[in-house]
Amino acid sequence: MRTQSKLYFYLTISAVLLVIIAVLSLNTGVYDFGGNSAFKVLWQFIKGDPNLSLSDKYVVWDVRAARIIMAILIGSMLSVSGTSLQGLFKNPLATGDLIGLTSGATLLAAIAIVLGGHFKEYLPEAVQFSLVGISAFIGSFLSMMLVYRISTSGGKTNVVMMLLTGVAITAIGFSITGFLIYISKDEQLRDLTFWNLGSLAAATWTKNIILGVVLIIAYIILLPKGKAFNAMMLGEKDAQHLGINVERLKKQIIIIVALMVGTCVAFSGTIGFVGLIVPYILRLLFKSNYAFILPLSALCGSILLLTADTFSRSIVAPSELPIGILTALMGGPIFIAILVKFKKAL
Amino acid sequence: MIKAHQINYKHKDFHILDGVDVSLEYGEFLAIVGPNGAGKSSLLSVLADEVRTGKQKVLFKDKPISEWNVKELSKHKAKFSQHNSNDIPLEVKDVVMMGRYPYFDSQPGKEDLEAMNNMMYETDVFHLKDREYNTLSGGEKQRVHLSRVMAQLQNEIAHTLMFLDEPLNNLDIKHQYKALDIIKKFTQKANSAIVVLHDLNLAAQFADKILLMKSGRVSAYGTPQEVFTAENISDAYNFPCTICEHPITNNPMIIFG
């Protein structure tokens with residue numbers, strides 16, 4: 001089938017591009033491997049070469065490779081969560097950061113960081129370690145429910161209500177986070193600043209494994225839903241007539257998106273606009289055909305975030321630019337472009 | 001095919017539907033007619049299981065429609081809605097292909113493409129297949145959706161049912177006849193159709209049975225000859241009319257005024 005092979009063609013191209021960027025990114029950085037290239041060191045590490053120095057191994061595997069994988073996982077999930085939200089709300093402006101999911105997640109994560117110490121000892125051990133992550137998930141889930149309840153009735157979304165609810169949640173989150181910063185201790189303060197700016201610098205392989213598990217679960221459920229997302233454009237009743245269980249689909253999207261956004265926020269803080277930029281570009285190429293843009297956004301989100309992160313850690317090296325600055329720089333104009341295009345509809 | 005007994009549907013204290021009985025045989029073309037606000041669309045929604053009315057049950061193929069599996073049901077019945085979405089940023093062929101969604105998982109098969117192409121030909125939208133849906137005129141959009149709904153019921157299942165809510169809106173005269181022809185042909189293959197229509201003369205010419213509604217009740221039901229009498233129509237629409245015989249088809253012809 002022609003359109004199907006077209007999809008595989010674009011998926012292959014994106015995957016190849018992603019690998020190339022990952023390779024370039026691995027070789028980018030200030031650390032000097034004694035004249036060797038980073039790949040050679042990585043190869044030595046994979047082979048288990050005993051001559052490999054500990055610091056070489058640490059830089060290549062625990063710093064660069066971990067960070068690259070984290071950028072790939074988080075970029076992908078942020079972008080797919082944006083695309084899914086846009087399918088749910090039937091609007092290209094719906095993304096986790098604009099409708100307040102990220103703020104909700106950040107807020108509860110901040111509460112967990114600052115106040116968590118006081119009640120941590122009463123919680124079971126497994127919960128203690130993942131307290132921030134679970135709080136972030138609950139935060140994004142509650143925000144999601146709030147936005148959906150307020151802005152959608154009878155299957156129709158009021159876009160203005162959707163965005164304004166996001167603004168309100170962000171404002172509440174901002175003020176409470178500000179208060180928490182005011183009362184927090186030094187060490188907590190550093191954590192909070194990290195959350196607010198967003199960074200991939202704290203990447204570790206443990207985090208990557210958790211992210212990977214969340215990603216696989218989410219994608220098994222979400223990625224085959226391209227047809228269902230398309231049918232939703234007809235309206236919920238007509239989608240139901242096409243054999244789609246609309247209520248179940250909406251619940252799945254809400255829970256999975258909250259899970260993805262919550263996990264991303266817990267590990268990398270607020271990295272904005274990825275979920276807006278990637279679907280916007282894909283829509284220019286494939287209209288709103290979710291059978292295309294849903295799987296492609298999974299790969300293109302990785303490409304975008306990995307590129308942005310490689311730039312952010314190399315243009316002012318040895319220092320580092322917060323990655324949110326770069327994504328916002330790209331996302332802002334796109335936000336305006338969408339607004340202009342939808343001026344009448346809003 | 002479908003049976004419903006004493007449907008009541010209330011919005012607050014206002015009875016939208018009040019004790020409506022509907023029963024449809026295989027191969028029947030039923031036209032629902034009546035003045036604005038008579039409850040035609042609401043009746044169609046109840047029959048198509050879009051709204052549930054509480055105790056009353058709609059039996060579809062002798063089984064309550066709410067107990068059908070959603071996916072399985074979508075191969076047995078389809079609905080053409082009155083208010084189609086205006087904002088679907090897809091190409092026309094992608095919209096028509098949605099009608100085949102119940103039949104394939106990730107990629108459409110040969111039958112799906114055939115059904116899509118055939119129905120685009122039938123409804124005269126084949127030349128628009130690569131256009132963006134949003135740039136079409138109102139009538140063209142209607143035809144795209146008719147094409148989609150028809151494609152949904154192209155299958156091996158005997159006796160399928162189509163609900164159509166004012167399918168002729170915005171269509172020019174040629175396409176009005178074409179659309180009714182398509183529906184008629186569909187019912188001649190032992191399938192059934194329930195169609196909300198405004199044009200009584202077209203209803204008289206194409207439908208096997210007529211259900212005339214007024215203020216949420218059935219005011220007359222039967223063949224066109226039985227229902228379309230001067231008294232029935234003047235009473236339902238509160239407007240004078242004369243009935244004469246269609247010179248070619250011998251069906252009743254209604255002249256208002």
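The backbone N, Cα and C atoms fix where each Cβ goes, glycine too.
Annotated transmembrane segment per TrEMBL: A:7-26, A:65-86, A:98-117, A:129-148, A:160-183, A:203-223, A:253-278, A:290-311, A:323-342, in sequence order.
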For the transmembrane segment (A:323-342), which stretch among A:7-26, A:65-86, A:129-148, A:160-183, A:253-278 has the most Cβ pairs under 8 A?
A:253-278
Surrounding residues of the transmembrane segment (A:290-311) on its own chain - C-beta under 8 Å, 6+ positions past either end
7, 10-11, 14-15, 17-18, 21-22, 24-25, 28, 67-68, 71-80, 82-84, 87, 200, 219, 222-223, 225-227, 229-230, 271, 274-275, 277-279, 281-283, 321, 323, 326-327, 330
Stretch with greatest number of CB pairs under 8 Å, the transmembrane segment (A:98-117) reference, A:7-26, A:129-148, A:160-183 candidates
A:129-148
With a Cβ cut-off under 8 Å, give me the same-chain residues at least six positions beyond the ends of the transmembrane segment (A:7-26) that come close to it.
38-39, 42, 60, 64-65, 68, 71-72, 291-292, 295-296, 299-300, 302-303, 306-307, 309-310
Does the transmembrane segment (A:129-148) reach the transmembrane segment (A:65-86) with at least 3 CB pairs under 8 A, where each pair is 6 or more residues apart?
no
Check the transmembrane segment (A:65-86) against each of A:160-183, A:203-223, A:253-278 and return whichever range has the most CB pairs under 8 Å.
A:253-278
